[in-house]
Amino acid sequence: MTIFCSHCHRPLQAEMSCLPRRAKQAPSASRPFRSTKSASKARRDQINAELQALRSLLPISAEEKERLSYLHTMALVCLRLRGAQLFPPGLAPPAGPALGTELLSLLPGFLLVLSADGKLVYISENVAQVLGLSVVELLAQGDTVFDILDGRVGEDVHKKLLLAQEEPGREVTFVSEMRTSKAFRLQHGGNRVVAVCGRFVALCWPPSPSTTAFLALCTPVVQSPTDGEAASQDDIFQSMHLLDMTFIDVTESVTYHLGYHREELVGQSWYSLLHPEDADLAAAQHRAVALGAGAGPAAGTAVLRVLLKDRAWTWLRVWARRDGGCITCTCRCLREEEAAHLRARQPRAAAPP
């Protein structure tokens, strides 16, 4: 009895000749799905070509383009795409690359624009003067504001952004350390403390998360009276006292900050302006400076509340030093959020034994 092959319908003895053909066909069927070295190289070359094309479209100098890694290229492209989504070509951004270097240099800090979910949309070029990092280097830290802030304040910042988003136009402020370059940390002993003050702006009506942006000015919290890298001298006034802290002179700018005229303060005691709850801290600072008992400049530094001419209270950061028979104070006005941040991290001045 002759048995026929079910595939080729030839006698069984001929079936063996068709098996090798099927065996040879099987691998070819799966070959298109198998990766090879040449296919992987082709894909890499294609990805590299696309990244080079994206890099060539970025509005930066040729020298900057040459220094961009693939990560930096993608970070900048994403930043530009988010900016284009919030600020279409027909709608000029309120704070964008059109701001010249001369104008940016006059600001006490750098400009920051965020999307509703905290994504970075714009960072002004003068950020390097404050943090020691260029825009590209800062983007390498991450693409949200939480990636460049001290992680300990992330939850608080998130709550404040939500609060500001619910009421477009409402100003909010938060203070945090921002990431800086290694050279900056070595020079200053840590990251930069920055106060971020801004509000959400609706770009069209009715507002929605996709059509609102958080516009903010980021100003450094000055760590010493000589730290003028990005600080404004408009926030500072000086006073001179006898060793018992009686005013003997004060700069005319005190009128702008506290409301008093110079003649009203001369002859008065410094303690007559202090908040009662801060009197002990001020006295400890006074003793440390007058008797030279402090260790380092921190002994002559304090964050205090003083009374304004209109009977309200304001926060000052006071640096005091002894000059012979006098004590000179350099005072800088603070926002409440700045004062809270500094008070939480600054030890109280100790009285001498």
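Backbone N, Cα and C define each Cβ position, glycine as well.
In TrEMBL this protein carries:
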- 20-43: region 'Disordered' (REGION)
- 31-84: domain 'BHLH' (DOMAIN)
- 102-149: domain 'PAS' (DOMAIN)
- 247-278: domain 'PAS' (DOMAIN)
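As a summary of secondary structure, the domain 'PAS' (247-278) carries 16 helix, 6 strand, 10 coil according to DSSP. Each residue in the domain 'BHLH' (31-84) gets a DSSP state, and the totals come to 45 helix, 0 strand, 9 coil.
Counting residues of the domain 'PAS' (102-149) by DSSP class, helix then strand then coil, yields 18 helix, 12 strand, 18 coil.
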